[in-house]
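Student: First the structure, then my questions, so here it is.
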Amino acid sequence: MQAFDELLTVEQLSFSYEEDEKPVFQDISFELQKGECVLLLGPSGCGKSSLALCLNGLYPEACDGIQSGHVFLFQKPVTDAETSETITQHAGVVFQDPDQQFCMLTVEDEIAFGLENLQIPKEEMTEKINAVLEKLRITHLKEKMISTLSGGQKQKVALACILAMEPELIILDEPTSLLDPFSAREFVHLMKDLQREKGFSLLVIEHQLDEWAPWIERTIVLDKSGKKALDGLTKNLFQHEAETLKKLGIAIPKVCHLQEKLSMPFTLSKEMLFKEPIPAGHVKKKKAPSGESVLEVSSLSFARGQQAIFKDISFSLREGSLTALVGPNGTGKSTLLSVLASLMKPQSGKILLYDQPLQKYKEKELRKRMGFVFQNPEHQFVTDTVYDELLFGQKANAETEKKAQHLLQRFGLAHLADHHPFAISQGQKRRLSVATMLMHDVKVLLLDEPTFGQDARTAAECMEMIQRIKAEGTAVLMITHDMELVSSYADSVLVLHDTGLAFDGSPAQLFSQETGLVQKAKLTLPLLYEWMAFQEEVRDEATVTSH
């Protein structure tokens, strides 16, 4: 590790939302130096996001929480009046849910808001706004209404707001979770370049570690109770503490997982892995789904004003199948799900559920047959407790209560049964939103990023639950940015690109035969397919050289 000067000091920090509750996290102590980059890992619900908000002084004041211990920024307590007034200039947080930090209508005004608070002159402000938009490649969003942006675009805007103020410390809370795979990789490389150029300190909370782990030297790990479990060099932790990390529900970088599976030497570098020959028999073929068609979509189009979001889309969902819906940010994937769920009206086209148009179904009947999990789970919560959320709209009897208890246990939410749905972590909210849909025996299940915000263990449990639902005959359509998940679980893939449906086929066909489309649609190849493509390029180069 390099030698740094002290920037942030955390001493025996604990935090809880209510006086009689056990702490969300407890007894956390560490130092963060100027220019240092650190990964903050831990299972879903262990207090990572709450810790981030304590570090820049938003908590406990913003939530009437209870905090003990100390946080020092430049050796001054962040709770000091003088420090708290200027802290956003020194320590910026990009929230897990970007909507929570926006207060203006347009992108330009949102970035300007923070700069105005720093009393930046107007001419300089305009230069800073244009520079940061160009740096993040979102200049085309400058005059857009924030409410019209996709989740991934909002996340980039939130980062732009922080970068424009040039803080000494940037805290990123799952910054790539809403980005398409190409944009996520691009984002990480951008942060790497920016950090080296500007020299700011960086604290990253993340579940997807493949792009971060090779260059962020230090990692801090929290356990389920919110205590610090590990703190050390990233390479050492993944090499020597992999089993401990897995037990905590932390996703091991895919390169580590693959080399362990293939009994190969340890490395965090996929470039090193790709130099080795691929063992035979590691790409398994799947049978095409053979169930009857449940949902038929024909020539479906949707527009906002004069702007076409998607047009002339046709596909079908079959009983007992899992279809992945993928594509770049802003292509209308979430909008398509809303149209399929009859929450938005299409401009043209037909949607048939069991050969009957959606509009022929009564609302209550449609909801019993079709479940929809929103990208933002808070949009579907209507009760005051986690338990009541599961029972909402159900007949109160022993059978439904038993099913609710089973789902609480299955999704690791039993200890939160009496909590308000808005007071649990983002990962827990996501699990609750999926669980509520499983209270109904739906025939079609629409899922918008079901594993978003989940640690490795709960994401795997969520997918296994979806697999069981699929095995019972339900047709599942799932938006995801995780191509490894697509490769492992999906029976078929739909690729939305350039307002149309660019691909409808198997994952193996997409990743092995349509690599040009993978690149155009801002996807990434699963690691094994990327390895295969790399070795094919090497063979082609060798052939050209030999001639």
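All positions are counted from 1 along the displayed chain.
In case you wondered, yes, glycine gets a Cβ from its N, Cα and C as well.
Swiss-Prot feature annotations, pasted as is:
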| type | residues | note |
| --- | --- | --- |
| BINDING | G42, P43, S44, G45, C46, G47, K48, S49 | ATP 1 binding site |
| BINDING | G327, P328, N329, G330, T331, G332, K333, S334 | ATP 2 binding site |
| DOMAIN | 8-250 | domain 'ABC transporter 1' |
| DOMAIN | 295-523 | domain 'ABC transporter 2' |
Student: Could you name the residues, excluding G327, P328, N329, G330, T331, G332, K333, S334, of the same chain that surround the ATP 2 site, i.e. Cβ within 8 Å of the Cβ centre of those residues, in sequence order?
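Tutor: My list of surrounding residues reads S150, G152, D180, L496.
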Student: What does the structure give for the C-alpha distance between S44 (ATP 1 binding site) and S334 (ATP 2 binding site)? Integer Å is fine.
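Tutor: One finds 24 Å between the Cα atoms of these residues.
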Student: Can you list, in sequence order, the residues of the same chain other than G42, P43, S44, G45, C46, G47, K48, S49 whose CB lies within 8 Å of the CB centroid of the ATP 1 site?
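Tutor: My list of surrounding residues reads F25, L222, G226, S425, G427, D455.
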Student: Relative to the Cβ of P43 (ATP 1 binding site), which residues of the same chain, six or more apart in sequence, are found under 8 Å away?
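Tutor: For P43 (ATP 1 binding site), the qualifying residues are L222, D223, K224, L248, G249, I250, D455, R457, T458.
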Student: Would you identify which of the binding-site residues G42, G47, P328, G332 has the most other C-beta atoms lying within 10 angstroms of its C-beta?
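Tutor: Answer returned by the neighbour count: G42.
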Student: Taking the Cβ of K48 (ATP 1 binding site) as the reference point, list residues of the same chain whose Cβ is under 8 angstroms away and which are at least six residues distant in sequence.
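Tutor: Result: F25, L40, L41, G42, D173, I205, L222.
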Student: Would you mind giving the whole-number mean pLDDT across the domain 'ABC transporter 2' (295-523)?
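Tutor: Value for the domain 'ABC transporter 2' (295-523), mean pLDDT as a whole number: 92.
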Student: Can you tell me the three-state DSSP label for S44 (ATP 1 binding site)?
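Tutor: The three-state answer is coil.
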Student: Under a criterion of Cβ-Cβ distance under 8 Å and sequence separation of at least 6, what residues of the same chain contact S334 (ATP 2 binding site)?
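Tutor: S334 (ATP 2 binding site) has long-range Cβ partners S150, G151, Q375, D448, I479.
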